[in-house]
Amino acid sequence: MQTEQLLHQLFEKKALNQQQTEFLFTAIVRGQLDNSQLSAALIALKLRGETPEEISGAVTALQADAESFPIPDYPFADIVGTGGDGANTINISTASAIVAASYGLKVAKHGNRSVSSQTGASDLLTALGVNVHISAHKARQALDEIGLCFLFAPQYHLGFQHAIPVRQALKTRTIFNILGPLINPAKPKRQLLGVYSSDLIQPYAETVARLGHEHSVVVHGSGLDEIALHGVTEVAEIKAGQIERYTLTPQDFGFQPQPLETLRGGKPSENAQILTALLQGKGKLAHQQAVAMNSAMLMSLFGYPNLKQNAQAIMDIIATGKPFETLQQLTQY
């Protein structure tokens with residue numbers, strides 16, 4: 001009965017509070033809504049625009065339903081985007097996670113198969129010989145030992161399967177597209193979060209603040225769900241519940257802008273070749289710089305605030321080829 005009341009509230013264009021949304025999404029991941037109810041709920045949320053309270057409630061429900069991951073007591077982060085920006089670039093956040101781990105940061109990367117591009121994080125890692133289906137225990141071991149693990153979303157969020165038919169039928173973005181980066185089963189309190197639209201920056205930032213992150217950043221880079229090498233990046237930085245908005249350019253990292261065309265990716269096999277060259281220090285300069293900018297911002301969440309110094313440190317470590325060794329180590333788990 002309560003589910004029907006909540007659906008009625010949505011149809012009246014009234015927002016749900018966090019607790020109500022948590023109840024509704026718990027019902028969704030348990031398969032308690034039929035496809036027509038679920039479809040109607042997702043469309044009602046989309047047309048009105050999801051509030052931070054609603055996004056937070058959905059995240060809480062999905063995290064409670066997720067398979068557990070042994071959360072470490074040391075600082076670690078995630079770098080992840082919503083996808084869906086339609087730009088079909090190389091996998092910048094996946095490369096940045098590997099490079100940042102090579103620098104000595106701890107990164108629990110949450111990811112999935114491709115949404116709208118040709119190559120999602122798991123597609124790429126599989127092409128590189130990484131087993132994305134390892135157990136939570138094994139993944140934690142990798143995080144402890146080499147500073148990097150990959151958590152494959154469908155393995156932890158089994159309840160998502162109930163929404164797949166409706167999402168495929170709707171063929172449009174729904175709240176599920178924006179939940180992915182926020183439901184890492186390791187529950188990192190430091191995240192570099194990329195969003196596909198600048199309209200999402202503020203609600204995302206407010207959601208992150210509600211969820212109690214220690215230090216996270218939400219970015220949208222001139223059409224990309226990453227920090228942009230080709231233009232201006234809009235930023236919301238969340239620290240201790242406070243949100244600060246500002247913009248960044250490539251010059252803030254010590255680089256000159258490069259055309260977006262230089263970052264175009266392709267199929268998993270093509271992106272794997274591009275990433276291998278990059279991690280070996282043999283990649284295109286634009287690829288290295290794009291990864292350095294995103295890794296530099298990730299470093300700032302660990303107490304390294306100087307973005308130019310960070311970017312240079314990352315360029316130096318890429319030149320050594322050490323990130324490729326980190327990738328090789330990851331394939332052993």
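Heads up, the Cβ atoms here are built off N, Cα and C, so glycines get one too.
Keep in mind the model is a prediction, meaning the values are calculated, not measured.
Annotated in Swiss-Prot:
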type: BINDING; residues: GLY81, ASN112; note: anthranilate 1 binding site
type: BINDING; residues: GLY81, 84-85, THR89, 91-94, 109-117, ALA121; note: 5-phospho-alpha-D-ribose 1-diphosphate binding site
type: BINDING; residues: SER93, GLU226; note: Mg(2+) 1 binding site
type: BINDING; residues: ARG167; note: anthranilate 2 binding site
type: BINDING; residues: ASP225, GLU226; note: Mg(2+) 2 binding site
Check your understanding: Just going by other Cβ atoms within 10 Å, which of the binding-site residues ASP225, GLU226 has the emptiest spot?
Key -> ASP225
**Study point:** Between HIS110 (5-phospho-alpha-D-ribose 1-diphosphate binding site) and GLU226 (Mg(2+) 1 binding site), the C-alpha gap once rounded to whole angstrom
**Key:** 15
Study note, to complete from the structure: Rounded to a whole number of Å, the separation of the Cα atoms of SER93 (5-phospho-alpha-D-ribose 1-diphosphate binding site) and ASN112 (anthranilate 1 binding site) comes to 12
Practice item. In three-state terms from DSSP, label ASN112 (anthranilate 1 binding site) for me. Key: coil
Review point. Same-chain residues six or more away whose CB lies under 8 A from the CB of the residue listed as 'anthranilate 2 binding site'?
Key: LEU42, THR174, PHE176
Review point. When DSSP states are folded down to helix, strand and coil, where does SER93 (5-phospho-alpha-D-ribose 1-diphosphate binding site) land?
Key: helix
Exercise for review: May I ask which residues of the same chain, at least 6 positions away in sequence, place their Cβ under 8 angstroms from the Cβ of ASN112 (anthranilate 1 binding site)?
Suggested key: GLY83, GLY120, ALA121, SER122, PHE152, ALA153, PRO154, GLY180
**Study point:** Secondary structure at the residue listed as 'anthranilate 2 binding site', reduced by DSSP to three states
**Key:** helix
Exercise for review: Out of THR89, SER93, give me whichever of these binding-site residues has the highest number of other Cβ atoms within 10 Å.
Suggested key: SER93
Check your understanding: Using a 10 Å radius around each Cβ and counting other Cβ atoms from all shown chains, which of the binding-site residues HIS110, ARG113 yields the largest count?
Key -> HIS110
Practice item. Check the Cα-Cα distances from GLU226 (Mg(2+) 1 binding site) to the binding-site residues GLY81, THR89, ARG113 and tell me which is shortest. Key: GLY81
